[in-house]
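Written below as structure tokens is the structure these notes are about.
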Ligand SMILES: [Zn+2]
């Protein structure tokens, strides 16, 4: 296995250190290390972080390989600095059986770019009618611990209660896509001043907040673990803050796009801004940033949602919802959280690696950057400036809201258990299916 000597990298943004990577682990850390390696990297000015962990990725395989595959999605993840992603269950077929989650898990293993941890569906076919085989998915080779009907809300309270009770047996967690379906029928964007002016169907904040309020109470009642996907409103933050103050086992994530973009962008009628949950107001964005900074929101999760051009380059009303996000996440977090002084790089490591790994109970990911730990690392250049160019994406889809936008920072290198998946900003071809 290739050995690496990384010279003068700023450990979590701190003082420059050398790191020696041997046999998949961090063999040594120090200044002016007396060591040799096959490849030496001058990391002057680069920050070293633990490999990022995404709790919320749509890899689209099986079924929508025209949008993304496990291979293209994990290549995009590596380019974004990720060493593990959770693959959402809303594929075709739905990942609601041991067979499908094992298939996704194996494809991830074969890709070699990034660990893929399949998320299992809560209900059969995401239909909300019958609990899926949660135990069988957990016991499969994929070892599923996170369950979600994401894309749809588990809106039946009894179904949600049963799922929360069931996953307790194996320390699992239910990740809820909080969207009260009746309150969002025909909804096209955030309900507020802009939706009123544009005459588009409104998606009220209460549709999200009502489900979160119900579910934190349910989780407390049955003593189970609940995770809230893509929190998008100031009111949702207040409920999560209240639940945590009660000592309940509730965690939450926010997407990069909800940290940066607002519903004002919908005035363009460009479907690239159509997303679920919708872009909210500037006040919501400020509340989300503050909550991520103070830890009320535990993690940044991309909700990477690739769509082929034909599903996005159309009228607003019929366009698919979602944005790609793996390759821009860290840059958006730098811009919104680090450059604003809200979070330091240690905080970024916590919200994008340590905590998401803990929520997903991923062993070997989200570990400290210290000697003896698996060498899951990202080298990031925070001084880089450049316009986002979707044509350079490794993702099969191009539906980014940041096209042409100057975002700070760039992933210089990513290591998965000591194996470079990205070097000098470029993917390193892996053996597997590449
Ligand atoms: Zn969702």
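Residue numbering: from 1, along the chain as shown.
Even glycines carry a Cβ here, placed using N, Cα and C.
According to TrEMBL, the feature domain 'Dihydroorotase catalytic' maps to 47-234. Per TrEMBL, the feature Zn(2+) 1 binding site maps to 56, 58, 150, 303. The annotation substrate binding site is assigned in TrEMBL to 58, 59, 60, 90, 276, 307. Taken from TrEMBL, the feature active site applies to 303.
Sequence features annotated in TrEMBL and their locations in the structure.
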| residue | record | Cβ contacts under 8 Å, 6 or more apart |
| --- | --- | --- |
| 56 | Zn(2+) 1 binding site | 86, 88, 150, 175, 229, 230, 253, 255, 301, 302, 303, 304 |
| 58 | Zn(2+) 1 binding site | 68, 73, 87, 88, 90, 303, 304, 305, 306, 322 |
| 59 | substrate binding site | 68, 69, 70, 73, 74, 85, 87, 88, 91, 104, 116 |
| 60 | substrate binding site | 67, 68, 69, 73, 91, 306 |
| 276 | substrate binding site | 151, 179, 321, 322 |
| 307 | substrate binding site | 67, 320, 322, 397, 399 |
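With a cut-off of under 6 Å between the Cβ and any atom of ligand 1, the binding-site residues 60, 90, 150 reduce to 150. Each residue in 57, 88, 151, 229, 230, 301, 302, 304, 305 lies on the same chain as 56, 58, 150, 303 and has a C-beta within 8 Å of the C-beta centroid of that Zn(2+) 1 site, without being one of the site residues. Across the domain 'Dihydroorotase catalytic' (47-234), mean pLDDT in this model comes to 98. The substrate-binding residues named in the record, 58, 59, 60, 90, 276, 307, extend over a maximum Cα to Cα distance of 17 Å. The DSSP secondary structure for residue 90 (substrate binding site) is coil. According to DSSP, residue 56 (Zn(2+) 1 binding site) is assigned to a strand segment.
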